[in-house]
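Chemist: According to TrEMBL:
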| type | residues | note |
| --- | --- | --- |
| ACT_SITE | Asp127 | active site, proton acceptor |
| BINDING | Leu10, Gly11, Gln12, Gly13, Thr14, Trp15, Gly16, Val17, Val18, Lys33 | ATP binding site |
| COMPBIAS | 297-307 | compositional bias 'Basic and acidic residues' |
| DOMAIN | 4-289 | domain 'Protein kinase' |
| REGION | 286-307 | region 'Disordered' |
Amino acid sequence: MENYRVTKALGQGTWGVVHMAEQIGSNRVVALKKIKSKTSGEGINFTAIREIKLLREFRHENIIELVDVFVTPDQAVCLVYECAETDLEKVLNNKSIPMSFSDIKQHLSSLLRAISACHDRWILHRDLKPDNMLFLKDGTMKLADFGLARMYGTPKQRLSPQAITLWYKPPELLLGSYEYSSAADMWSVGCIFAELLLRRPFLQGKQTDISQLDTIFTVFGTPNETNWPDHKALPLCARGLLWDDVPAIPFDEIFTGAPRDAISLLRSILALDPNMRFTASQSLSHPYFSNEPPPTPKEKLVLDTPS
Ligand code: AMP
């Protein structure tokens, strides 16, 4: 801690307060995330270990850099990150910040490049949402908060369906799946893309998994043999939970005014059936990214109101 001078609090996370600090000597501005053990003597928090392990050697333009790790005298682990200026949730909530189709293309491409790098290394993020998409001063988007991230792949591991924030949670997790994969993150990517187009969260269930499933099925239609052949094997369906048959609402009726290529990509990402969902690299090859308009250069993004 003697290597850092704390300047101000940046925010409260699930596992502790995050502070802005200056690295003494270099004057580098960093973000300090102090993760307390739940009780004394319990050892280092699992979340911290997971985040350290996964981020330690991960260098990518769109993934937050873990600069340093140390343990404080009161046995808390302190994770030191490069410091961001703002995040996508703040940008979306500030209605005086414009959001053009070119800006949306830039945000989505940064997110897809970050998540493609994670999936290439068999890492699932499991908490993709606008508040975890941070922006540096120069406009670079940095994916953050790997506290829920996990390795996946072969041999197939049991993963807890208790992951991912409700509005960004895919139907297979809501139906109790233990064997999900990168497609789960891609559902969250689709929800973020939809939120950029609508400028409000897309699938706003009311606190419970069942309400979230109702919200999803009202838009996408009820799962059936055509749109999701394997859904009946999932725990909640196997237990006999049934929904009234409802048809899907066409995306052009929801995303009125959105470019056709954006709607086509969004439809490919947000498939009910995880096996049908586009991967991050398939999404990056979609014509949406080579068609006009080009993405806004990151240094031209407006991320704050002029003071
Ligand atoms: P977290 O524990 O990662 O959810 O972070 C809690 C809050 O701290 C976030 O909502 C951000 O406002 C802030 N924060 C986290 N990491 C950083 C960072 N690297 N730079 C600036 N602010 C951050």
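The backbone N, Cα and C atoms fix where each Cβ goes, glycine too.
Since this is a predicted model, take the numbers as computed values, not measurements.
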Chemist: Sequence-remote contacts (6 or more beyond its ends) of the region 'Disordered' (286-307), Cβ cut-off under 8 Å?
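Modeler: Same-chain residues near the region 'Disordered' (286-307) but 6 or more away: 85-86, 91, 94, 96-98, 100-103, 105-106, 109-110, 135, 138-141, 259, 261-262, 264-265, 268, 278.
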Chemist: Tell me which recorded positions (Gly16, Val18, Asp127) have a Cβ under 6 A from ligand 1; sequence order is fine.
Modeler: Val18
Chemist: Could you pull the average pLDDT for the domain 'Protein kinase' (4-289)?
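Modeler: Summarising the domain 'Protein kinase' (4-289) by its mean pLDDT gives 91.
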Chemist: How far is it from Thr14 (ATP binding site) to Asp127 (active site, proton acceptor), counting Cα to Cα, in Å?
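Modeler: Spelling it out, the Cα of Thr14 (ATP binding site) and the Cα of Asp127 (active site, proton acceptor) are 12 Å apart.
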Chemist: In angstrom units, rounded to an integer, how far apart are the Cα atoms of Gln12 (ATP binding site) and Asp127 (active site, proton acceptor)?
Modeler: 16
Chemist: How many whole Å apart are the CA atoms of Val18 (ATP binding site) and the residue listed as 'active site, proton acceptor'?
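Modeler: For Val18 (ATP binding site) versus the residue listed as 'active site, proton acceptor', the Cα atoms are 18 Å apart.
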Chemist: Please work out the number of neighbouring Cβ atoms within 10 Å of the Cβ of Gln12 (ATP binding site), leaving out its own Cβ.
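Modeler: There are 9 such Cβ atoms around Gln12 (ATP binding site).
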Chemist: Of all the binding-site residues here, Leu10, Val18, which one's CB has the most other CB atoms within 10 A?
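Modeler: Answer returned by the neighbour count: Val18.
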Chemist: Helix, strand or coil by DSSP: which one applies to Leu10 (ATP binding site)?
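Modeler: The residue in question, Leu10 (ATP binding site), is strand (DSSP, three-state).
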